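Chemist: Let me begin by handing over the structure; questions about it come next.
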Amino acid sequence: MALRKELLKSIWYAFTALDVEKSGKVSKSQLKVLSHNLYTVLNIPHDPVALEEHFRDDDDGPVSSQGYMPYLNKYILDKVEEGAFVKEHFDELCWTLTAKKNYRADGIGSSPLSNQDAFRLWCLFNFLSEDKYPLIMVPDEVEYLLKKLLGSLSLEMGLGELEELLAQDAQSAQTAVGLSVWQFLELFNSGRCLRGVGRDSLSMAIQEVYQELIQDVLKQGYLWKRGHLRRNWAERWFQLQPSSLCYFGSEECKEKRGTIPLDAHCCVEVLPDREGKRCMFCVKTASRTYEMSASDTRQRQEWTAAIQTAIRLQAEGKTSLHKDLKQKRREQREQRERRRAAKEEELLRLQQLQEEKERKLQELELLQEAQRQAERLLQEEEERRRSQHKELQQALEGQLREAEQARASMQAEMELKKEEAARQRQRIAELEEMQERLQEALQLEVKARRDEEAVRLAQTRLLEEEEEKLKQLMHLKEEQERYIERAQQEKQELQQEMALQSRSLQHAQQQLEEVRQNRQRADEDVEAAQRKLRQASTNVKHWNVQMNRLMHPIEPGDKRPTTSSSFTGFQPPPLARRDSSLKRLTRWGSQGNRTLSVNSSEQKSLNGGDETPILALASQEEKLDPAPGN
């Protein structure tokens, strides 16, 4: 079922690419070509008559996606066998069809993405997209993929930058809930998400994430492996997948040297160092034990953890780590959505309670108003009784009997009024008690609001602290960039100085070559100048002392004047007019020998006793100019 969903996502892009008019329908001829290509890449026996028979009643018109879907399920997807085809070739077919109509890369080559990188990002998008059409990738998965790519580049992106980046692309109702694949590719081509990252670095990062998520490569790298027959150690490129650990002759993975099958009964153990190998561990299978050695302890820990993860997946019956992680992330998003809905429902319930509370407060106000009216009526009644009593007292003198009767009737009426007053006081007491309970509920509500405000203030304070820390990190990053620029400037100055010294050395070597030629010409006259050797040796010693003071090994950064002046400034002394030809010849030969000895000592001082000065200088340049990879 999972494989069918993955295949349907790619086929959906191919089908929509053929739908030029955006009407949801594709002509039958185009569907024939698409079906034939799907048969080929999926290694399914081709049935050319099935499509005609399936749509026999619709020979003239186009075929919609609903009409093509039953044929696709019955004749293609139901016959697909996992492992019988190369899924990458299938994805390349669908990408080729959809990229021609929808993807427009920069034609002049300035786009950060090559066609291969765009294809791999398209596959990653299909893997992480939701199982709903049209296919979109939610912001959580976009953030997950960007963090994967940045992790491969050893970079980091703040949550604020990512939210700002996604907010810039929220231009339609669709982007409010996610990104389409073309918006996703445009995000990379625009260079907004990975500023300052080279095209080659980005391509390597995309390839690494593609191998990890799509090809289920848990880990890969060089390890030393011990052989089973000759028991010698050889360095191999290992590639770990959930079901096997393969090793190759090089990282191009062209020459496969072997495969270590992994199952639930395998185990990995750390071994002590021996035989000159350190950071050793072994993988034990049912039939054999494989010994390996990592470059350091950290690499060994990563490899053992990755192999244990693969064994755990085999024990749990799972075929892909990232499919399991994707399902867990999807379940977490659903849980967050349910919690959000529950929170909204709780807020709605609290709002209803608040409305009920306001309604009861209004009823309480009405009861208080009724109480005030009852008190006012009671006072009016009391005043009326007093006036009647006074009238009765005035009439009592003249009509005693009538007064007695009136008094009796008045007493009965007073009893009734007292009972009514008692009932009114009891009602007032009940209303006062209800008012106290409502006031207590109001105080609890006020306290809850104050607690909520305190929590909100604490959250605001934490956000301000996080912004301050982010500013500090950005300041540190700027200082590091300034330090790198200063180091590069110093490096350029050292390189210029080394180039100047190299030119001086070449000039000195040319002069040495001229001296050697003079020596060859002077060797013919050496036999005639033997009588002057002692005097010439004295002069040679004098010249050697002075030249040794001037000529020292050229060190990096040494700003001494070039030594070529000591050779160009040397001129033979003029001959006296009355010197004989023999004296001139002898004197010229002694000067040639002295120049030869001076230049030989100069060459030794330049070379520092070594006959390869240029190699020594080159090694100094290599020390000053480290390789870009370091």
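Cβ from N, Cα, C; glycine included.
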Chemist: Tell me which range among 378-418, 501-541 Swiss-Prot lists as region 'Disordered'.
Modeler: 378-418
Chemist: Indicate whether Y210 (phosphotyrosine) is helix, strand or coil by DSSP.
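Modeler: Note: Y210 (phosphotyrosine) is helical by DSSP.
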Chemist: Round to the nearest Å and give the CA-to-CA distance linking Y210 (phosphotyrosine) with K225 (N6-acetyllysine).
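Modeler: Their Cα atoms are separated by 27 Å.
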Chemist: For the region 'Disordered' (318-341), what are the DSSP-based totals of helix, strand and coil residues?
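Modeler: Across the region 'Disordered' (318-341), the residues distribute as 21 helix, 0 strand, 3 coil.
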Chemist: Take the domain 'PH' (216-312) and average the pLDDT across it for me.
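Modeler: Within the domain 'PH' (216-312), the model's average pLDDT equals 89.
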Chemist: Report the same-chain neighbours of K225 (N6-acetyllysine): residues 6+ apart in sequence with Cβ closer than 8 Å to its Cβ, ordered by sequence.
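Modeler: For K225 (N6-acetyllysine), the qualifying residues are W233, A234, E235, R236, F238, Y247, Y290, E291, M292, S293.
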